[in-house]
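Visitor: Following this message is one structure expressed as structure tokens.
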Amino acid sequence: METANSNSPTVEERGWLRTRKWLLLRRASQLSILGLFLLGPWFGIWIITGNLSASLLLGEVPMTDPHAFLQTLAAGHWPAAELVAGVIIVVSFYGIIGGRVFCAWVCPVNLVTDAAAALRRHFGLKGGANLSRSMRYWLLAATLLLALVTGELAWETVNPVTITHRGLIFGMGVGWLVVFGVFLFDLSIAGNGWCGRLCPTGALYALVGKKSLVRVRAERRDACNDCLDCFVVCPEPNVITPALKGAPGGSDLIESGACTNCGRCIDVCGQEVFRMGTRFGKTTKGVNRTSGACARTDKADLKQT
């Protein structure tokens, strides 16, 4: 495990599983969901039919990707009642547990971008293209405009999320070029570039989950020793500072919809500052320590480590 401060408790002291609990749970979730989709084509056991754009659970429960749904509307097509019901179910679900939970716990592209991020940390790669995190919202608007102009879900033909998921189920083919392209982009051009700065699907889920019930909390932020380990592993490090180093009496809640609820900050924190909770509950009083290391990471975004 990569750490930013040698004074942090080691893996040996905290235990290998304890420092990877949430990571392993996420991998189990991603692989299990992929496995459910594979059961039908591979073994004829149809628990889920379809793909991440639109699917049917147990032949009864529809699930529709909100991004694909909006593209359908923009293209001038009124979706079938099943798709409307599906998007209501999906938006309601992620509106409660956190929109970008999809990104960290479901999306297969996350496996690719996490691998690139791990290699960047391992080899100490820093810097790269300084892409604005707001770019993903502009790309979201562009995908809807593209659907409006073409009358089709044009983005879905090149969407890495769609290509990766369908490719894993039905055969990747040239889709491997897209996957490899995302990997190289995150590894050599912009750390966490695809998920953190470009992906329009993730941008929409960030809006869906902006007021979600389930949130990471920095409940023991007074115990923070500025080791920076949470900032090193977080795919959206800018969301941590307000909760961790906020004003006295301020909320210890990570409020930003960009947070993926991945739990890596919980895993790596030797001081056990973070926990998974809800937006309700006691607010930690804490002290304002925005100066120093944490403030520098917020400004520089850890130079896209």
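Backbone N, Cα and C define each Cβ position, glycine as well.
Note that TrEMBL annotation is computational and uncurated.
Feature list, courtesy of TrEMBL:
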TRANSMEM  31-58  transmembrane segment
TRANSMEM  78-97  transmembrane segment
TRANSMEM  137-155  transmembrane segment
TRANSMEM  167-187  transmembrane segment
DOMAIN    214-245  domain '4Fe-4S ferredoxin-type'
DOMAIN    250-279  domain '4Fe-4S ferredoxin-type'
Visitor: Over the span of the domain '4Fe-4S ferredoxin-type' (214-245), count residues by DSSP class, listing helix, strand and coil in order.
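Guide: The composition, in the requested order, is 15 helix, 4 strand, 13 coil.
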Visitor: For the transmembrane segment (167-187), what are the same-chain contacts with Cβ under 8 Å, counting residues 6+ beyond its ends?
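Guide: That would be 34, 37-38, 41, 51, 108-109, 112-113, 115-117, 119-120, 125, 158, 160, 193-195.
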Visitor: Count the residues of the domain '4Fe-4S ferredoxin-type' (250-279) that DSSP assigns to helix (H, G, I), to strand (E, B) and to coil, and report the three numbers in that order.
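Guide: Residue counts for the domain '4Fe-4S ferredoxin-type' (250-279) by secondary structure: 5 helix, 5 strand, 20 coil.
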Visitor: Report, as numbers and ranges, every residue of the chain located at least six residues beyond the domain '4Fe-4S ferredoxin-type' (250-279) whose Cβ falls under 8 Å of a Cβ in that stretch; write 'none' if there are none.
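Guide: Same-chain residues near the domain '4Fe-4S ferredoxin-type' (250-279) but 6 or more away: 1, 3, 8-9, 13-14, 18-23, 25-26, 97-101, 103-105, 133, 196, 206-221, 223-225, 227, 229-230, 232-236, 238-240, 242-244, 286.
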Visitor: Same chain, outside the transmembrane segment (31-58) by at least 6, Cβ under 8 Å from its Cβ: which residues?
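Guide: For the transmembrane segment (31-58), the list is 64-65, 68, 82-83, 86, 106-108, 156, 161-162, 165-166, 168-170.
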Visitor: Over the domain '4Fe-4S ferredoxin-type' (250-279), what does the predicted model average in pLDDT?
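Guide: Within the domain '4Fe-4S ferredoxin-type' (250-279), the model's average pLDDT equals 92.
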Visitor: What same-chain residues lie close to the transmembrane segment (78-97): Cβ under 8 Å, and 6 or more beyond its ends?
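Guide: Beyond its ends, the transmembrane segment (78-97) has Cβ neighbours at 54-56, 61-66, 69, 72, 205, 208-209, 211-214, 261.
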